[in-house]
């Protein structure tokens, strides 16, 4: 395995190993190694200067074994079909670990949204829905926000879908909507809240006291921000935060006594950057990755913990809040060095869990308070965490292997009952 392994091949290998360790019928791997449906579309957009550009878009529906497909849509210049297929596979197992009635889905458009005007972005978003309309629906495939997409884009998605659907207000076809338009309280904070719960429980499992732990978080976007906030709420102390600046590149902040979340957030809102924050010293990105911590939480980019970087990480536990932050080679090195790891499929699953709550609330037209959402989320995540930990102990496997195995158990039963093998 190398750091450049195709993401789909890497995901398939994890599924193969999990099926093998469980002693599954060979048909289980055959049914799960490839998506059931992948659609590629071309989306023409009339630009503000009068020219027409055509953008490539995709939607992958990995499995319908237990229910409709569910997963985000990303707008990014590096999106491609293999990435979308791999991410849809991961979503099947993320939902399976949580016991959700979903298979995995993922979509994308190859575009840098920063280069588009708001009008162009809206036309592109609506074009994606038009191209995929007959494959979407609250009982077919349910998209949500992902990289560079948000509640506004989900609102355009819904509006276009309703126009195509004979004005039926099937707003549950998309989640991650603003609260004013059928969204759920707690959705914006859901992933970071869930990460903090997983960090807390993983710390207990590996004998780390949260109140004494030195914790580092890479990234202060949506996931990183709410991870830091909720780790602090759980009694933890974040002493290092790494971030990126358009002008100055990668950098980090460090305070061994802990960085105050409220002060940091107020500084960022006032200055649009963390650079110059008086409550911590600025350090380099390289220093961030080599300092001594109890727990490190990559919450930004994929493939940041490479084989080389894994050799210098000085922590007892890695909790993957980002999607795919550890390369296969990095994973191998961490395991060899005895550094424990809680995988992304479990750690960052809070987002899809609260998306599920949004979908449920849309069906009933009855909406919960933020406190009710948090209570339900913690209970459901605790069930998944305990289940994954139990599988790891029963089979003497890593937590990454265990989360796939735990998910496969329920998916396997559904496929067998449906007569798929």
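Here the Cβ of each residue, glycine as well, is placed from N, Cα and C on the backbone.
Per Swiss-Prot, the candidate among 56, 70, 383, 386 that belongs to the substrate site alongside 94, 355 is 70. Across the fold, the C-alpha of residue 94 (substrate binding site) and the C-alpha of residue 106 (active site, proton donor) stand 12 Å from each other. For the recorded site, residue 355 (substrate binding site), the DSSP three-state label reads helix. As a whole number, the greatest separation of Cα atoms within the substrate-binding residue list 70, 94, 355 is 13 Å.
Here the C-alpha separation of residue 243 (site 'Important for nucleotide recognition') and residue 355 (substrate binding site) works out to 27 Å. Considering only the recorded positions 70, 106, 191, 222, 355, the residues lying within 10 A of residue 146 (site 'Important for catalysis') on a C-alpha to C-alpha basis are 106. Looking only at Cα atoms, residue 191 (NAD(+) binding site) sits nearest to 355 among the recorded positions 70, 106, 355.
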